[in-house]
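Novice: Quick one: this structure, given as structure tokens, is what I'll be asking you about.
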């Protein structure tokens, strides 16, 4: 049987060991905390600077598998529409200018008259380029204004518009009035009727007036510089009904351009 003094001795020794272990553990924990504080005080500014530094510019996202195809298709359709509009402008210029020359409304110098088409060589390409620009501009303005043109969007209506425009130009060369003012008022009414029948859009009216003004100004400059001339001019070297022809021509080519633009994919955006 163990003695009582041994029991007390063992208890006192165990308690002393526990009391001695606690300061050691506390000292070890205190040292660890001091080490962490020192480490954080040294590395803290660099970590904060790294966190506050702006992120580098992200790499541009690669184009999707279909975006490149859309861009190629859009440019392909644009080229096709430009070629068609240019061809339409060339044909209309040859046919309509032939009527003016045959009726002696438009006079070109003999050295620049072509033997086949009775027109100066530069008239068809200039009219073709103008037709391409106008025909592409009409649907572009419609898209920019957010007012897509949906009035009589069919090729039969476009062909009737072309026929009416040719008739207006034919009337300017064939009809005989007492004076040019009466002819000009008649052609103005016909031109507005063409716009109301086949267009009826604010953008079409505004672009038609703008085209008539610019084309008339360019024609006056050409006549003033002796490139060609009109018989019986009554409005600054030209005929007073000429702006009506330009207005109706702009509306007609604009309708052709709008019809060609139907079903064309939208231009892809870069953002």
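Here the Cβ of each residue, glycine as well, is placed from N, Cα and C on the backbone.
Feature table excerpt (TrEMBL):
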REGION    47-66  region 'Disordered'
TRANSMEM  83-101  transmembrane segment
TRANSMEM  121-141  transmembrane segment
TRANSMEM  177-198  transmembrane segment
TRANSMEM  205-224  transmembrane segment
TRANSMEM  236-257  transmembrane segment
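Please go over these features one by one and say how buried each is and what sits next to it.
Specialist: Counting same-chain residues at least six beyond the ends of the transmembrane segment (236-257), those with a Cβ under 8 angstroms from any Cβ of the stretch are 81, 85, 88-89, 92, 105, 131, 134-139, 157-158, 161-162, 164-165, 168-169, 172, 180-181, 183-184, 187-188, 190-191, 194-195, 198-199, 204, 207-209, 211-213, 215-216, 219-220, 223-224, 229-230.
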Novice: List, by number or range, the same-chain residues at least 6 past the transmembrane segment (205-224) whose CB is under 8 A from its CB atoms?
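Specialist: Those are 130, 134, 137-138, 141, 195, 199, 230, 233, 236-238, 242-244, 246-251, 254, in sequence order.
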